[in-house]
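Take a look at the structure set out below.
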Amino acid sequence: MKFFALTTLLAATDSALPTSHPVQELEARQLGGGTTRNDLTNGNSASCADVIFIYARGSTETGNLGTLGPSIASKLESAFGRDGVWIQGVGGAYRATLGDNSLPRGTSSAAIREMLGLFQQPNTKCPDATLIAGGYSQGAALAAASVEDLDSAIRDKIAGTVLFGYTKNLQNHGRIPNFPADRTKVFCNTGDLVCTGSLIIAAPHLTYGPDARGPAPEFLIEKVRAVRGSA
């Protein structure tokens with residue numbers, strides 16, 4: 001998406017980009033990261049992974065893992081083995097369009113239903129699997145809304161959730177409603193305005209790569225091992 005189109009859409013949702021923001025840096029986020037993973041939806045129940053990671057990308061990001069998801073996936077696979085963890089991005093009805101950020105829950109109802117369906121699949125396909133989740137920007141709002149809306153029996157199977165640039169951080173008091181705070185890790189950079197109730201995109205919103213390569217997956221790995229043991 002070109003910078004002009006992006007700023008026009010943001011203006012339509014009562015948001016604006018700082019004029020000092022570098023065009024190329026913004027486009028690197030919006031156009032980069034085209035990885036798609038559908039291990040859960042394509043997987044066979046006879047060969048379930050012990051761990052299933054469900055992730056929602058940020059607005060306009062390509063693939064279903066966007067820019068941050070692949071880094072988390074790589075670290076999880078190093079910890080649990082390629083066959084030990086399934087990676088599943090949220091696609092389908094989740095279009096990651098900019099306008100949906102202005103909706104009451106920070107994303108569309110259709111997107112929430114899509115992610116809810118992914119959380120529900122393992123209940124029949126891989127009932128013994130441990131679930132972990134994450135999301136970036138609009139995807140963080142989507143992950144939070146989906147986890148909040150789950151039946152408690154399925155929600156209790158989620159060992160941990162990581163949220164980057166959480167667009168509902170202020171509104172939800174830095175947590176996911178109806179979900180334990182100790183199983184939630186929110187990454188909000190200093191100066192990331194979306195974490196303080198705005199939809200203005202500033203440079204700190206685009207610099208969560210180091211967190212996705214280190215602290216975020218490490219948190220998830222720790223939470224999984226607390227449930228399943230260190231094996």
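Heads up, the Cβ atoms here are built off N, Cα and C, so glycines get one too.
Over all protein chains present, the Cβ of SER137 (active site, nucleophile) has 33 other Cβ atoms lying within 10 Å. DSSP assigns SER137 (active site, nucleophile) to coil in the three-state reduction, placing it in neither a helix nor a strand. Annotated active site, nucleophile per Swiss-Prot: SER137, in sequence order, evidence recorded as similarity to another entry.
Feature annotation from Swiss-Prot assigns active site to ASP192; the stated evidence is similarity to another entry. For the recorded site, ASP192 (active site), the DSSP three-state label reads coil. Around the Cβ of ASP192 (active site), a 10 Å sphere holds 25 further Cβ atoms from the protein chains shown.
The Cβ of HIS205 (active site, proton donor/acceptor) lies under 8 Å from the Cβ of SER137, GLY165, ASN189, ASP192, LEU193, VAL194, each of which sits 6+ residues away along the same chain. According to its DSSP assignment, HIS205 (active site, proton donor/acceptor) is helical. Per Swiss-Prot, active site, proton donor/acceptor is recorded for HIS205, and the stated evidence type is similarity to another entry.
Residues annotated as disulfide bond in Swiss-Prot: CYS48-CYS126 (among others). In this view, CYS48 (disulfide bond) is surrounded by 18 other Cβ atoms within 10 Å of its Cβ, with every protein chain counted. Classification of CYS48 (disulfide bond) by DSSP places it in coil, neither helical nor stranded.
Sequence-distant contacts of CYS188 (disulfide bond), defined as residues of its own chain at least six apart whose C-beta falls under 8 angstroms from its C-beta, comprise GLY165, TYR166, ASN169, GLY174, CYS195. The annotation disulfide bond is assigned in Swiss-Prot to CYS188-CYS195 (among others).
For 1-16, the entry in Swiss-Prot reads signal peptide.
According to Swiss-Prot, the site 'Transition state stabilizer' annotation covers SER59 (among others), on the basis of similarity to another entry.
Residues or ranges marked as site 'Transition state stabilizer' by Swiss-Prot: GLN138 (among others).
Within 10 Å of the C-beta of CYS195 (disulfide bond) we count 24 further C-beta atoms, all protein chains included. Each residue contributes its Cα atom, and for CYS126 (disulfide bond) and GLN138 (site 'Transition state stabilizer') these two points are 28 Å apart. Here the recorded sites are SER59, GLN138, and the one ringed by the most other CB atoms within 10 angstroms is GLN138.
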